[in-house]
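Beneath this line is the structure, given in C-alpha cells, with notes to follow.
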Amino acid sequence: MKIAIVGATGAVGVEMLRVLEASTLQPSEVQLYASARSAGSTLPFRRRDLVVRELVPGPIPADVILASAGGSISKAYAPDWVAGGSVVIDNSSAFRLDADVPLVIPEINPDAALSHRGIIANPNCTTAIAAVAVWPLHRAFGVRRMIISTYQATSGAGAKGMEELLEGTRAYLDEQAVEARTFAHAIPFNLIPHIDTFQDNGYTREEMKVAWETRKIFGEPNLRVSCTAVRIPTLRAHSEAITLEFERSATPDEARELLGTAPGVELVDDPAAKRYPMPLTASGKYDVEVGRVRASLVFDGGLDFFVSGDQLLKGAALNAVQIAELLHERGALRAVTSSEVVSGR
Ligand code: A2P
C-alpha cells in the first residue's frame, strides 16, 4: 500500500507521519507533500529520511491520501486524487457535511467508512474528543441534550498558532508589544471566546461544527447540542466541560464503569489524589482523558464531566490513520469507479 500525506510539514501532518510509524500498516511507500516553501526538506520515517515534495495539481500515485493542508486545498485537489484512484482521508472541514462523504470516528461509526465514494472526512478536533467520551454514555442512557464549553489549545490553529503563543509570551515577559496574527487578539495570558467565524445565530462556526458533526457521527439528526468554544494559552490538547441530559437516568458510578472500558477513553477520575484530565497529561496520549464525573445539579439523572484530549492525535492525525487501518482491515481500500466519484463540491 502506498500512502501520501498532504500538508506533511504542518502540526497535524507531522503527527500523521509519527502515528503511521507506530501503526500496524506496512506501507510500501510514503510520500510527503507540502507547499513549495518546504519542498526538499526531509522528515524521518522508520530510520529513513523522506523528502517533502511540492504539491501540484493532478492525481497522486498513492492508494491512500491523508490530507491536512486546509479546506481550500482539499476542495480544489481531492476530486482529482479520487479520479486518479486514491482514497482520500480528509482532515479539513471541506466535505464533512456532504451527504455522500462518511464522517468517521472508528470507535463510533466504523461501518460508515466502508461505503465511501473516494473521500472519508475526519471530524473537527473538538467534536472528536467530546464524541469518544459521550458515545458510550449515549448508547447506555440516550443523550437528549448536550452542553459543552471548550478550552482549546493554540495548536488547533496549526504550527503557527503555537509559535504565536511562544513568541507572544516571550514578548510579554520582556515587556514588548504582543502581536496577534493567527488569533483575533493577543493570546498570552488571555483567553479568546472566538474560534472561526461568527454565524447569524451568534454562535461561531467552530461551535456549530460540534453540533452538526456530532449529529452526523451519532446518526442522531435531532440531538440538541450547544457549545461555547474558547481559545486558551496552552500549546496542545483541548479540554471540554460537558453536561449531558439523558432519556434514562445515569449515575456517576455507572458512567465511570462504562468509561473505564470504553475504547479511546482513559478514565482519570480521582480528585482526592488530584487526578483529573489536564492538557499537560493528555498531550501525546492516544486516549482522551475523562474525569470529574458527577451528577448534574441542573438535569435530573444527568451528568457533568471534564475531558482533555490531544487534538493533534485523536482530534486529527490518529483518527485519520485509524480510518486507514480500518479500511485496510475491512478490505475497503479500493479505487472508486467513475460513477461513484463524489461531486467534490
Ligand atoms: P508548508 O509547511 O510548506 O507551508 P499547519 O496547519 O500547521 O499550518 O500546516 C499546514 C500544512 O499545509 C503545511 O504542511 C503546509 O506546508 C501545507 N500547505 C499550506 N499551503 C499549502 C499549499 N498551497 N500547497 C501545499 N501545501 C500547503
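Glycine is treated like the rest: Cβ placed from N, Cα and C.
Here's what TrEMBL has on this protein:
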type: DOMAIN; residues: 2-116; note: domain 'Semialdehyde dehydrogenase NAD-binding'
type: BINDING; residues: Arg96; note: phosphate binding site
type: ACT_SITE; residues: Cys125; note: active site, acyl-thioester intermediate
type: ACT_SITE; residues: His238; note: active site, proton acceptor
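Cα of Arg96 (phosphate binding site) to Cα of the residue listed as 'active site, acyl-thioester intermediate': a distance of 12 Å. The Cβ of the residue listed as 'active site, acyl-thioester intermediate' has Gly156, His238, Gln311, Leu312, Gly315, Ala316 as same-chain neighbours under 8 Å, each 6 or more residues away in sequence. Highest local Cβ density among the recorded positions Arg96, His238 belongs to His238, counted as other Cβ atoms within 10 Å over all protein chains shown. Helix first, then strand, then coil: DSSP counts for the domain 'Semialdehyde dehydrogenase NAD-binding' (2-116) stand at 30 helix, 31 strand, 54 coil.
Summarised as a single figure, the pLDDT of the domain 'Semialdehyde dehydrogenase NAD-binding' (2-116) averages 97. In the three-state DSSP assignment, the secondary structure recorded for Cys125 (active site, acyl-thioester intermediate) is helix.
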